[in-house]
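Engineer: Grabbed the feature section from TrEMBL, which reads as follows:
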| type | residues | note |
| --- | --- | --- |
| ACT_SITE | Glu178 | active site, proton donor/acceptor |
| BINDING | His21, Glu24, His116 | Zn(2+) binding site |
| BINDING | Arg63, Glu178, Tyr288 | N-acetyl-L-aspartate binding site |
| BINDING | Asn70, Arg71, Tyr164, Ala165, Thr166, Thr167, Arg168 | substrate binding site |
| DOMAIN | 11-206 | domain 'Succinylglutamate desuccinylase/Aspartoacylase catalytic' |
| DOMAIN | 219-299 | domain 'AstE/AspA barrel-sandwich hybrid' |
Amino acid sequence: MTSCHVAEDPIKKVAIFGGTHGNELTGVFLVKHWLENSTEIQRTGLEVKPFITNPRAVKKCTRYIDCDLNRVFDPENLGKKESEDLPYEVRKAQEINHLFGPKDSEDSYDIIFDLHNTTSNMGCTLILEDSRNDFLIQMFHYIKTSLAPLACYVYLIEHPSLKYATTRSIAKYPVGIEVGPQPQGVLRADILDQMRKMIKHALDFIQNFNEGKEFPPCAIEVYKIMEKVDYPRNESGEIAAIIHPKLQDQDWKPLHPEDPVFLTLDGKTISLGGDQTVYPVFVNEAAYYEKKEAFAKTTKLTLNAKGIRSSLH
């Protein structure tokens, strides 16, 4: 064994979550299919569990019932005493933490893939929560390479105030998968096919790793969140301008200070401003109107991972 390789424990337990947001139908559709017939997600020596995370929201085809399930996996919510007036999603979070966690414990699942759709033109996107995680950087490199020439982007949400307590964060290795554009409550065959391939390549990577394959050092390009940008608003707090046509559908493309980002109804253009080029993501995402987020600014950087191999080999 050379010093440039890190020995990691083999992966034993993997979960695939669909329906964290009940109106993002690709994950719901795939997970329901795999619950009926799990052949394509089974790998030798690996437990892979498909799971519908927010069944009531799925049934109503709505993002959530009481609050966003993908934001409540923090110690405070997970530690709340059971009571009738607990929001439905907080009760679900506690149940999911019991089944797949507990969070930050030895018993938690090794990997959780959390399947999401976006109305934004983001294509295949992997969401990374930790820039120092050699294993996940290696996995993402493998998925990106396997999907080529189809583009696959990595969104790094590591930020002291903007990172949130995701459903998948109870796993040792949390993986967000986001594919779009797809309207809420709608299925698209091309988007479904892309998500299905991402999961296939991820599971193949895990199997290769468990069987002793060495992965040499690698590097990937990622887009790290800098800040979230709200829509311009009037004195009543209502939206006063919309995403400019030149920004619409331009996720991941360079956005310069002089470039237009908003357009008012009387035809006034509002430009980005500032002094640096950024890369917008989640442009005009339908679910983020309530979160007061028109798009997020990211900066592009390269992450390097050491070589890895399974500690069993």
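The backbone N, Cα and C atoms fix where each Cβ goes, glycine too.
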Engineer: Within 10 Å of the Cβ of Thr167 (substrate binding site), how many other Cβ atoms can you find? Include all protein chains, please.
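Structural biologist: Around Thr167 (substrate binding site), other Cβ atoms within 10 Å: 28.
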Engineer: Which residues of the same chain, at least 6 positions away in sequence, have a Cβ lying under 8 Å from the Cβ of Ala165 (substrate binding site)?
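Structural biologist: Long-range Cβ contacts: Arg71, Val72, Phe73, Asp74, Asn77.
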Engineer: Which value does the mean pLDDT take for the domain 'Succinylglutamate desuccinylase/Aspartoacylase catalytic' (11-206) in this predicted structure?
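Structural biologist: The average pLDDT of the model in the domain 'Succinylglutamate desuccinylase/Aspartoacylase catalytic' (11-206) works out to 95.
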Engineer: Given the recorded positions Tyr164, Thr166, Thr167, Arg168, Glu178, Tyr288, tell me which ones have a C-alpha lying within 10 Å of the C-alpha of His116 (Zn(2+) binding site).
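Structural biologist: Passing the 10 Å Cα cut: Glu178.
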Engineer: Which one is closest to Arg168 (substrate binding site) in space, judged by CA to CA distance, out of the binding-site residues His21, Glu24, Arg63?
Structural biologist: His21
Engineer: What is the number of other Cβ atoms found within 10 Å of the Cβ of Tyr164 (substrate binding site)?
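Structural biologist: Neighbour count, Cβ to Cβ under the 10 Å cut-off: 15.
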Engineer: Considering only the recorded positions Arg63, Asn70, Glu178, which fall within 10 Å of His21 (Zn(2+) binding site) when distances are taken between Cα atoms?
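Structural biologist: Cα within 10 Å of His21 (Zn(2+) binding site): Arg63, Asn70.
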Engineer: Identify which of the binding-site residues Arg63, Arg71, His116, Arg168 has its Cβ surrounded by the largest number of other Cβ atoms within 10 Å, counting every protein chain shown.
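Structural biologist: Result of the Cβ crowding comparison: Arg168.
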Engineer: Using a 10 Å radius around each Cβ and counting other Cβ atoms from all shown chains, which of the binding-site residues Glu24, Thr166 yields the largest count?
Structural biologist: Glu24
Engineer: Cα of Tyr288 (N-acetyl-L-aspartate binding site) to Cα of Asn70 (substrate binding site): how many Å, rounded?
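Structural biologist: Answer for this pair: 13 Å between alpha carbons.
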Engineer: Ranking the recorded positions His21, Asn70, Glu178, Tyr288 by other Cβ atoms within 10 Å, which is at the bottom?
Structural biologist: Tyr288
Engineer: List, in sequence order, the residues of the same chain other than Asn70, Arg71, Tyr164, Ala165, Thr166, Thr167, Arg168 whose Cβ lies within 8 Å of the centroid of the Cβ atoms of the recorded substrate site.
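Structural biologist: Neighbours found: Thr20, Asp68, Leu69, Val72, Phe73, Asp114, Ser169.
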Engineer: Where Tyr164 (substrate binding site) and Arg63 (N-acetyl-L-aspartate binding site) are concerned, what is their Cα separation in Å, rounded?
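Structural biologist: For Tyr164 (substrate binding site) versus Arg63 (N-acetyl-L-aspartate binding site), the Cα atoms are 17 Å apart.
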